[in-house]
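Colleague: So that we are looking at the same thing, I have put the structure below in structure tokens.
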Amino acid sequence: MGLDFDAVEYCKGVKTQQSQPPFACPVRGCDRSYKTIMGLQYHLMKYDHDNPQPLTPVLTPSRKKARSRSGGHHSTPRPHKDHPTPGGGGAEARNGCSSASAGGGSASGVSARQYANPESLVSYNEEEATVTFNLDGKSVRLGIDDALPLVEDEEFAALVARGCILNADAPPLEENAPWARVQVPVARVAEIPDYRVSDAPPRPLAYYRFIEKSLEELDGEVEYDVDEEDSAWLEHMNEERQRLGLNAVGIDTMELLMDRLEKESHFQAAANGTPTGVEVDDDAVCCICLDGECQNTNVILFCDMCNLAVHQDCYGVPYIPEGQWLCRRCLQSPSKPVNCVLCPNAGGAFKQTDHGQWAHVVCALWIPEVRFANTVFLEPIDSIETIPPARWRLTCYVCKEKGLGACIQCHRNSCYAAFHVTCAQQAGLYMTMDTVKDGHNDSSMHVQKFAYCHAHTPADAKLKMNVPDFEDTRHKMKEARKALAKKRSTAPVVLIPTIPPDRVQEIATMVTMQRKKEFLDRIIAYWTLKRHYRNGVPLLRRLQSQGNNHGVIQRNGIEGSPDTGELYRQLKYWQCLRQDLERARLLCELVRKREKLKVAFVRISEEVVMLQLNPLEAALNKLLDALEARDSMQIFREPVDTSEVPDYTDIVKQPMDLGTMRAKLKECQYNSLEQLEADFDLMIQNCLAYNNKDTVFYRAGIRMRDQAAPLFVQVRKELQRDGLLARSQRYHVDHVEAEVEQELRLLLAAPASEGIVQKLLILADKSQVLKNPTYRTKKIKQIRLEISRMRKSLQKARFAARHSSHANQSQSDDEDTLGGSPSKKRTRKRFNSSGVDMELGHDDDDEEEDSDEDSMGEDTVSKDLLNSTQTPPCSPIKSLNNSSSPVGINRRTAILLTRKAQAALKRPSEPLTTPVKEEQHNSQSSNTQSTSGSSSSVTTAATAASSGAGTLNHVLSSAPPTASSFALTQNNSSGGGALASGTGIGGSSSAGTAAAASLTSTALAMNSKLSANLPVKSPKRPGRYRRVPEVRHSSSMSPKKSPNPAVTVSQALPMPETLPFERIPDSFRVYRANNQRDVSDSDDAPSQSSSPCSSCSDFSMSGSCSDFDSDEASEGDADGDPDRDGGRSRSEERDSTSQEGTTDAMDMQHASLNNVQGNNGNMAISSSSGGSGGSSSEDDELEERPLSARQNKPMKVGTRGTPTPTTMARAVALSAGRGRGKRRSNLSESTSSTATPPPLRRAGKLRSATPNASPLVNNIKARRNTTAAGSAPLTNNNRSKHSEDSASSERHNNHSHGQKPALEPLQLVWAKCRGYPWYPALILDPKTPKGFVYNGVPLPAPPTDVLALRKNCLDEIVFLVLFFDVKRTWQWLPANKLDILGIDKQLDQQKLVESRKPAERKAVKKAYQDALHYQSQVSDLEGQGPDPIM
């Protein structure tokens, strides 16, 4: 049963009737009373009078016994321990809690008091008799008459720990109260039968997200929506248009026009700077509390439409809104002005009432009877009807208005001055609100409002407010009255929008209708009236908030900066912040450096400790790190992958690499430096044994060996210095060094002879394998110096023997030749006979100069006794070749030399089929020596015998006179003129033999005279150690390419049985490499020679077995045109050597003046220039056509293949005449009387335009083809051969005059694209199928899109090239954009450094290395596992 009256209305009546507490409860039987009306109202509404419960539990009298502990806590406070409760001490002592009387009672003193229910209410009498405390969120009431026993925290904690106080935190007296009985809710569960959870519906792959449009996008859209007024107006307009017979206008058209009118007016106002509202005042205060201060939780908000300034708490805004914020008046009634029902003034913060009216918030706060239904949002305003009528009848003494609104009175009891709240604010009356606590209850807060008239303003308030005197106050009141009257009378400023006519015309173009102008005038008038009715507020809600401040910002932006001071303050703030951040960054950097130094210190300390524990391991670690640093390509870093090279374990039995050495070092398997050095030597030996000499791995092994030697020496010295090297290890001497030293002492002790010279040459080759580079260089220089001295002593002996011998019939000519230039200080002439250098000098005291010259790298081997001095079967060099692959010789070359040497030893037992070319060469060697020494062969033989050249005498005596011929050659590389014999041919008739004999004597005499008349000068060699890039050829031919296979040894030259063994000197048993030559790091271009096999064929005039030759170079003669028979075309003899600084010694030996063509006697003489730039234009013309053509008649010969003496003399004379005009020391040009053309002397590094990408492959293939063909007979079709030679001559003449050779597929070239430097590339055939493998290297097939680009350049000849870049780019390029790669080393170096950008140069170098790697792969015929090009 509830109350039979309204509790709220009763409380309001009590408030008006009774002003002083206490307020008693009107319910019969309830004697409770309260100090406040709110307490009474709460009691009436919450308390259940039908089931009354005691709000405070009944206190147990102190005279009763305390309850047992099992029953709960004591209900009364225990007395102090000095006054124990009777009968209680013994029980507690028995339980072991003797101090419970004090501790328990004292502890319960707090908990034994009455814990009040926060929701319970107390009567007024009970409230007066108790004191309430808030402990941990609980209200505790203590009687004012009860004693307060105390207990310490430690004692209370000990009692709780022992269990003397149970549930110390729970309220003990009210634990059985109904409100304290909290039961856990019991869930009611019912299982639904046959219920299945369905799968989630399929969701789209993307989320739906709303993206707000920008202002520019919104300006282009239609945002206006018609309302009821617009619909009614449009309906009326359409009715009129129908009466006139016009079409109706749609709603969309009206929305478009209204939207454009609104936006154009907004744009015009913004452009003109017209303010559309009140400007924001930075010093604005809250219009409710008149305070300008704000806090983080109570900031001042400004309305975006009317610029109203209010606090959050004053206006009821619990949180700061994001974006636009409008007050309630602007939000709900933007166009219609509102009036306050509580005062006559307009403006300010409005809120709606519960009846739909408007009132000021400040009025609702100050009038006592008015309330807010929601105290958080302060709306709506209610209880206005409870205002007494007397308030409505009061007259405001400020505005003198009566009956307009409700007034409040002065707080002074004796003053009856009344005033409106807003009028008091305008007049500046003293009005204050304070929150105070209730005097009896600390938990309740009250708001006290004090409003005074100007006459009763408190004195302290006057000082704070600086209130003037009475007269000034009256004057201020009058001004406030006038201001309020002006506000009430003035109408709001309505901004009438205007749009220029041109803009109206633009808007009119957007629509199409009948009588457009009339309709536009009517709709503009309608829009203007609607804006005026809305007090100028824009019809678009978005423009309502933008229009107010936009014009102000635009105007300020035109005039200048909006706030320079604020910007300056912000700038200073950010500068200070940046400085602070910079200081923090520097501090962090210092910390980082400190920690870095700490880490470095710890590492150094660790190294010191490890060095003290195991110093040898530290030294070996340092050495191994240095070795790994030398391995820049990381070739030796990891073990060899046997899956890539399956045959590696067949050749290398003990693999070794730096990674394995590192692992062994970590496992402490190295007890000495020698063990590590042995493993390193094993690694290098494995590399040299398995890889070919022309591979990058072989060169890396050589480079690694040379760079590691000083490292081992340095580490050994450091270990010796530190005393870590054992005594037995300190004096370690290489066994090869000991052998070289011992053999050198023995050779120097023996008398000088040619045999000793040959052994010294062998010893110099043996010194190449010494490990110490410094010792190796020093020892090689010493041996070469001894060789030079010994040669000079032998030459002096020969010279004395020649002058003491009997002169022959040409002695006078020789004396003229030797004595032609008596005025010169020094004349050096070298007579080249089968590669032998013979010096004739008039100064005997030049030995020191010559020794220095030889020691600087004169690697030319003396070859004048190669045919006389033979290597015995057990050569000392054999000990050097005991390893599987000695230094300088790869496995293939070593096997080749061994097989050829064995074949040479077996040759005497087989029927000799040596071609005529070899016998002629032997006879030429003997004849050359006899001619160069004196004109008589008998005298030369005697002189040679006296000098120890017995073999020369033997060969000379065994050569028949029919094999004699002559030739004039010049050795430019040796620095002096020399006379050498040409290649003869054996005749089949006696007439030919006689003619050849007579021709020999005549030509030798002419040769002597020509050599005496021409000036001889030794040119300076600019690059002494530079490797001569020109091809070294030999005048000898392979037995399998002999032009006359029918001629046998019995017909040409009888050979003794010991000749094959004697023709294999020691220099052919070992590969002699020159360490001082200039070799590119990227490629060792294989030198070429015309001799197909330098190791087993006879000795040639050019010295094909020199230090620069290799196994690949000896096969150069096999590379040529496939249609030649037994020799090369005469036009291929020309060589453009303009790119090289010096001329090779073999250039002039193969330049011939006579070249007999065919068997009919027609002989064409071609001339080749040995100089690079010294020939004149006349000489060039002579070179461009054969000599027979210049003489305009064919040259007749007496016998088959044998020219007449007259013809030969004429050729020699012509050659001598041309040679005089040249500045370079071209003594003479060689002539050949053979029926077979001499071998082709290549032009520099020019490669033959063959599909093969490597000259080594060409050489080997050509040699195989030649071997398969055998001794093919010569063709007699002279006309066809002459035509082929003419075409070849024309082609090579074009090459010699600067034209490029023909480009063929599978050639390495330099390619040029626009915007890129010259780049290495490979020419490929567009028809290359997929999976094509060339010499074991897979080549890619061109893509279809690349082939489709061919149609873009149909007007010219282009080549498909594949660049060696990272992406393997394809391109079609013409011939003028391509240069052959690998022909000229200077050209290659120029292309490598052509680009100015370091990154491009690095990329070009990398591509160049890839191209060379590809070349080495296709040249690798032993299957070393080449990788695909892509």
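Even glycines carry a Cβ here, placed using N, Cα and C.
It should be emphasised that the depicted structure is a prediction, and the values quoted were computed from it without experimental measurement.
Okay, these came from Swiss-Prot:
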type: ZN_FING; residues: 23-49; note: zinc finger
type: REGION; residues: 51-111; note: region 'Disordered'
type: COMPBIAS; residues: 62-81; note: compositional bias 'Basic residues'
type: ZN_FING; residues: 283-333; note: zinc finger
type: BINDING; residues: CYS286, CYS289, HIS311, CYS314; note: Zn(2+) 1 binding site
type: ZN_FING; residues: 337-370; note: zinc finger
type: ZN_FING; residues: 394-457; note: zinc finger
type: REGION; residues: 796-887; note: region 'Disordered'
type: COMPBIAS; residues: 796-805; note: compositional bias 'Basic residues'
type: COMPBIAS; residues: 842-857; note: compositional bias 'Acidic residues'
type: COMPBIAS; residues: 865-887; note: compositional bias 'Polar residues'
type: REGION; residues: 901-942; note: region 'Disordered'
type: COMPBIAS; residues: 922-942; note: compositional bias 'Low complexity'
type: REGION; residues: 1012-1054; note: region 'Disordered'
type: COMPBIAS; residues: 1034-1043; note: compositional bias 'Low complexity'
type: REGION; residues: 1076-1301; note: region 'Disordered'
type: COMPBIAS; residues: 1085-1107; note: compositional bias 'Low complexity'
type: COMPBIAS; residues: 1108-1120; note: compositional bias 'Acidic residues'
type: COMPBIAS; residues: 1121-1137; note: compositional bias 'Basic and acidic residues'
type: COMPBIAS; residues: 1151-1165; note: compositional bias 'Polar residues'
type: COMPBIAS; residues: 1265-1278; note: compositional bias 'Polar residues'
type: COMPBIAS; residues: 1281-1293; note: compositional bias 'Basic and acidic residues'
type: DOMAIN; residues: 1305-1378; note: domain 'PWWP'
Colleague: What is the Cβ neighbour count of CYS289 (Zn(2+) 1 binding site) at a 10 Å cut-off, with all protein chains included?
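Modeller: Its Cβ shell of radius 10 Å holds 19 other Cβ atoms.
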Colleague: How would DSSP class HIS311 (Zn(2+) 1 binding site) in three states?
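Modeller: Its secondary structure by DSSP: strand.
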Colleague: Can you tell me the three-state DSSP label for CYS286 (Zn(2+) 1 binding site)?
Modeller: coil
Colleague: Please work out the number of neighbouring Cβ atoms within 10 Å of the Cβ of CYS286 (Zn(2+) 1 binding site), leaving out its own Cβ.
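Modeller: Taking all protein chains shown, CYS286 (Zn(2+) 1 binding site) has 23 Cβ neighbours within 10 Å.
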Colleague: Relative to the Cβ of CYS314 (Zn(2+) 1 binding site), which residues of the same chain, six or more apart in sequence, are found under 8 Å away?
Modeller: CYS286, ILE288, CYS289, ALA349, VAL361
Colleague: Taking the zinc finger (337-370) alone, what is its mean pLDDT?
Modeller: 92
Colleague: Non-local Cβ contacts of HIS311 (Zn(2+) 1 binding site) (under 8 Å, 6 or more apart, same chain)?
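Modeller: Non-local contacts for HIS311 (Zn(2+) 1 binding site): CYS286, ILE288, CYS289, ASP291, CYS294, ASN298, VAL299, ILE300, LEU301.
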Colleague: Cβ within 8 Å of the Zn(2+) 1 site's Cβ centroid: which residues qualify beyond CYS286, CYS289, HIS311, CYS314?
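Modeller: Residues close to the Zn(2+) 1 site, other than CYS286, CYS289, HIS311, CYS314: CYS287, ILE288, LEU290, ASP291, ASN298, ILE300, VAL310, ASP313, TYR315.
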